[in-house]
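Chemist: Just passing along the structure, written as structure tokens.
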Amino acid sequence: MLSPAPEEPLLLAELKPGRPHQFDWKSSCETWSVAFSPDGSWFAWSQGHCIVKLIPWPLEEQFTPKGLEAKSRSSKNDPKGRGSPKEKTLDCGQIVWGLAFSPGPSPPSRRLWARHHPQVPDVSCLILATGLNDGQIKIWEVQTGFLLLNLSGHQDVVRDLSFTPSGSLILVSASRDKTLRIWDLNKHGKQIQVLSGHLQWVYCCSISPDCSMLCSAAGEKSVFLWSMRSYTLIRKLEGHQSSVVSCDFSPDSALLVTASYDTNVIMWDPYTGERLRSLRHTQLEPPMDDSDVHISSLRSVCFSPEGLYLATVADDRLLRIWALELKTPIAFAPMTNGLCCTFFPHGGVIATGTRDGHVQFWTAPRVLSSLKHLCRKALRSFLTTYQVLALPIPKKMKEFLTYRTF
């Protein structure tokens, strides 16, 4: 059972960029991407005008309303900032479209290897990858803000980036040049594979938490599922009526959600290709005329860290929160010109980015997962749908474990 429907999301904080004098403020100011580090200690904000801000999380007191204090990093406790991470500004030299944190610092064995190979940049630390307008990918060390690597290969905008959650430092990039590229940062950023087949710009890429699959969404009605073991195409998922622009896997890898300009989110079983559910974005108020045909076009979709909620951002100026088992949103928040959204990895907060270069932080449902869901999540983290269906257990249990009980 889900907990009672939460209250409407509250705006916790909003960050606005300062106006840079060397640029025309009205161009290239969009926040195309925001990201939390997997351990929740950093927030990366592509604030427009080629600048990325790395901000320690929780936010400092001057940004933080009551209820989200960060006493451990407040100026009262550490007036000179000693021992605390400091905000950093990364000047990428090009408009920044994609951001991705590595899973975290590498194990001691890899750090030891790096020390004995000084010609290879040290990528044993927490790193941030930035995808740029000119097709370059820059790799930064988060703690120092130093540039570690510059990856070249794409011929157009690098729209999205995704690291393998296993910590192997394999990076996937998605580009307007209609390809995805696989990079190994342990080998000086060597390009190890190019994935071709899309006919339009690739908007989004997402790696399943079990590192077995890669989903890519381009300006097409279908999405591609690739094997992360063989780097071959597994299947195409067809069902949308317009361009698919965002995708995300559930924390147990058992579900995949895709968001499209057709105003729908589709929930899939990535193992079988079965379409499990559609979530339609309807307007709260009817338009005054026929001019806003695409007003509910979707921009972004993401799973909550426990896997019971979804967040979506659409062009109708709303952030929606959905419970996994319901067909209608459980909460709305008004936001203008939204482009992207992501959950804080420990829950309770959603970050959204806008065309104006702003970032907004919203309250998200805090839920204590049921024992049933925890068991399902644990089992599905290592069992495919086919393996579940082959188990000698009752049909109802199989339906629950394969998310067929909606």
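Heads up, the Cβ atoms here are built off N, Cα and C, so glycines get one too.
Sharing the record's features from TrEMBL:
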COMPBIAS  68-89  compositional bias 'Basic and acidic residues'
DOMAIN    370-406  domain 'SOCS box'
REGION    66-89  region 'Disordered'
REPEAT    128-150  repeat 'WD'
REPEAT    151-186  repeat 'WD'
REPEAT    195-236  repeat 'WD'
REPEAT    237-278  repeat 'WD'
REPEAT    291-325  repeat 'WD'
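Could you give the neighbours, burial and distances for every feature on this list?
Modeler: For the domain 'SOCS box' (370-406), the model's pLDDT averages out at 95.
In terms of DSSP secondary structure, the repeat 'WD' (237-278) contains 0 helix, 24 strand, 18 coil.
Below 8 angstroms of C-beta separation, residues 2, 5-6, 9, 242, 245-252, 255, 257-265, 279, 281-284, 331-347, 350, 352, 362, 364-365, 367, 369, 373, 377, 405-406 of the same chain, each at least six residues beyond the ends of the repeat 'WD' (291-325), sit close to that stretch.
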